[in-house]
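Quick look at what TrEMBL annotates:
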{"type": "TRANSMEM", "residues": "36-56", "note": "transmembrane segment"}
{"type": "TRANSMEM", "residues": "68-87", "note": "transmembrane segment"}
{"type": "DOMAIN", "residues": "167-283", "note": "domain 'Palmitoyltransferase DHHC'"}
{"type": "TRANSMEM", "residues": "211-233", "note": "transmembrane segment"}
{"type": "TRANSMEM", "residues": "245-267", "note": "transmembrane segment"}
Amino acid sequence: MAVPCGGSLRDTWDRFFDRCSRFFPCLSDPARRSALCLKVALVVLHLIYVSILFIFDKDFIEKTKQQPWYTAIYLSLLVATLAQYFLTSNTSPGYVLEAMRVVNETDALVRRKSVASKQPASSNNGSLVITVDADQLGRNLLGSNATSWTKVVMDMYPPGTSVRTWTCSYCNVVQPPRAKHCHDCDKCVLQFDHHCVWLGTCIGQNNHCRFWWYICEETALCLWTGILYISYLKSNITKAWWVDVIMILLLATLFVSLIFLVLLLLFHSYLIMTNQTTYELVRRRRIPYLSMTIHLHRVSSG
């Protein structure tokens, strides 16, 4: 009896998501659906921690009436943290394909303008009239300029380096230094740091700074919330035991999260100051251009 029941529940759940995916296309992708669930869970978790204070902490409510600016700053930090979270998660980390398209299109546009300025639109010396199709010319230049990105990237590597050495076996594009293919996003990311599950995106060249600011704001919010919880327990520890149990459990979870956030903030601060990424720090000896640098340094010092 349990198998049909489980199967029917699974079928009902799948039908529910199929109907929702008609209005919300992101629900049709399991990876994006999982990321969306994590985002919803994170927002709900923040609201629970703040709501508990307003429900049980009478001192906090009284302080809000006397000093509304205090609570206003606290709630502003909460809103700013959540806004920074969604801003970071929706910011492109910087994909190699996007950069390659920009380089090729820019170079093709420059060449097209250069050729158009040299090519006369018509010739009145004879009966022959020469016309220039700008769209066709652009397509020809794009086709003949397919290696523009390759030339730009290879200039970043030491002379004599093979193109195949830096070509991604998944995207089949030439990767610039510090780029890496992310298997979760299935794209090559510029200055790849790591794939953040909580954000549902990669951390790379375009959003690493915003990621640091999010961690900083989240750490401040977590610390402030922990102080408010401790203040409540000091003054109300003997009143309602079941409320105290809830507050202590939430405070313990908050304390673990705070330790993780502080370590993460210090770690990424160190990475930014030393111009490194998590991937480069962890896989230093396995990354070709870094292992080459280490070898040259040893040879020069020896």
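Using the three backbone atoms N, Cα and C, a Cβ is placed for every residue, glycine included.
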In the domain 'Palmitoyltransferase DHHC' (167-283), how many residues does DSSP call helix, how many strand, and how many coil?
67 helix, 14 strand, 36 coil
Leading contact stretch, 36-56, 211-233, 245-267 vs the transmembrane segment (68-87) - CB distance under 8 Å:
211-233
